[in-house]
């Protein structure tokens, strides 16, 4: 007989492993589901506080909110301001929060809180250059600015380098005449730089950034300048001349609109407080928008009750893997092929020691009752059915006794699959009669050992976390199971079983 | 605690369970053919059809209500064997060797009542001994009067000869002798003595009990190395013919030697165990691989295959 090629099989196995791992990795990266249960993410909790004095009429407070700030992701937001209506208006790539109230008098304080996840790669591309508004200067400034620009232009090649050169001139410790003149007319360096760039025909805008520092209060926003260069906004700090977005800078407000508008009030002030928090990464992943196609695979969308069921269900392949390993590679005898998994699942519901104790107690008690049953000479089916009923009684009694003794876990013994226990008792009893108690202990012990091993695997928090959050990893388990199905080598137990042949061999060798 | 290295086992050509299940049972035994050997009734009918000698079937019990009337059916029978059709590994076989008044005498000498037999049959019908607990039927068949040649070798039970037949070639054989510890059963793991037999001659090679070499029968004290099977070639021929009969490539045939009727097929096994290697002191793999290399139609007749096996698989052969 010709051996079929093994190539298709191994490609299926490899395919399953790759599919499982790649899907898990993609879901990890796109949905931010952590690989480790205890994973925590750094989150900045930022509170914006708006103070103003209301004049007694209707009040509308309109605050610019971060819109997809580069390098950060909004995780949650809420506004806490009693008596005010609140809504977020999103249009034209801007977000504005609006507080409204029919009538307000005196000092008012409004809060907006948001959590941001940092450390993300910041990149944005714009398709077309935004329009450039023209700049009007006073007489002397017009000349100075032209000269300043001329000077910088000669040293630069791109909008970026122009901005750098301009900043060098402005920030010089001993600024030249032109720069001094410009600074005198426009003391804010951010505004100055923006205007100069606009004069050069380069799109630029002011951005308000917030430097993040743990437990800082009453922070204010820092004015930055964004320069449009080759489809991207390049950020400059006009005071230091630094280019690029620092890790700890959150761009709160970008563009020309005002940060805050207060109608019906005066003396408005805005300040920021922030703290650094750690949030379980999984919570973060769950709270995030689930538009990704990968979220379909995840079970997080299901009701909690179903999720609990899936938690157990997704552990089964691992249990099966343990059983296959113990039987195919190690060669342990068990009673009933997948009985050990069911016992292990029951252990997950009880606890190991209590589960072991109750399982042995139920089976032992059942065996005693079974010997009496055999004297009644019942038909097999009714004997098993009788055992099922008796097992239910035994478990109920054990549970009640446990409860009376204060073991509230006693009730969970009911998770044991009764019918399977009844069959186990029947099989063990027959085994006892036919092969003797030794075989009962070998097979019963084997089942329990495999069950305990499967339980120890399944109860690991990391395993539970991985199988539940990355169900596709079960494909890897499947591939391993299939691969073990191809194993034709010796079982570990056979290395002992056939030792007699070697001993004999050796004695022959000695003689000969 | 002693272990053997897997490389050493491989060098000795020992067939392991995984390899047996996948490379031989999985590859050469079509699943659809399993019922032929898993059901003793089917095996028996098939054997009669192919004129393979087998113990005479007295009657079959297939419904619980028939059990009430078994005392009438058993009336004229002195000795008989009760077997569940789908039992495996000797499970559920009850051998009655004689009567004493109302009581029946088991092979072990213990006495049981007709009610015990009824209960046994009832359990068997309900599927207690069958694979997966499926409902079963019960066969009552003639007792083997084993050949005098085995006198003193088998204690409280019938000795049988297990021959592994691969693609119709008998590749390895052993004689299984019941002992007191095995309760009259011929299963090695229950304590029966396994005597490896030379395929070429039918002479004993070596003997083991519980995987340990023995030289004398533990109950009767008779030396085991003197055993030689008479009409050895007939045995091999009977075993070899089971290939045509069942179509299964890898089978274990259990054959008994009846005093008057000669070699008889007792049962077939589609998943023969591996202990035969221990009894023979050598591995099955080299012979199996050798048969695999033979041309499909190299030896068409059982006779030719037996001759080839006797020539090549003897003690000095492969």
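Glycine is no exception: its Cβ is also placed from the backbone N, Cα and C atoms.
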If you check TrEMBL, which stretch out of A:275-292, A:473-490 is marked transmembrane segment? A:473-490
Scan A:255-273, A:407-425 against TrEMBL and say which stretch is down as transmembrane segment. A:407-425
What same-chain residues lie close to the transmembrane segment (A:7-26): Cβ under 8 Å, and 6 or more beyond its ends? 294, 297, 470, 472-476, 478-479, 482-483, 486
Contact between the transmembrane segment (A:446-467) and the transmembrane segment (A:380-401) is defined here as three or more C-beta pairs under 8 Å separated by at least 6 residues; is that satisfied? no
Any chance you could find the range in A:310-329, A:446-467, A:473-490 with the most Cβ pairs under 8 Å to the transmembrane segment (A:341-368)? A:446-467
Near the transmembrane segment (A:446-467), which same-chain residues lie under 8 Å Cβ to Cβ, leaving out any that are not at least 6 residues past its ends? 35-38, 282, 311, 314-315, 317-319, 322-323, 326-327, 332-336, 339-341, 343-345, 347-348, 352, 355-356, 359-360, 424, 473-474
Helix, strand, coil: count each for the residues of the domain 'Transglutaminase-like' (A:188-238), based on DSSP. 11 helix, 25 strand, 15 coil
Model confidence over the domain 'Transglutaminase-like' (A:188-238) (mean pLDDT, whole number): 83
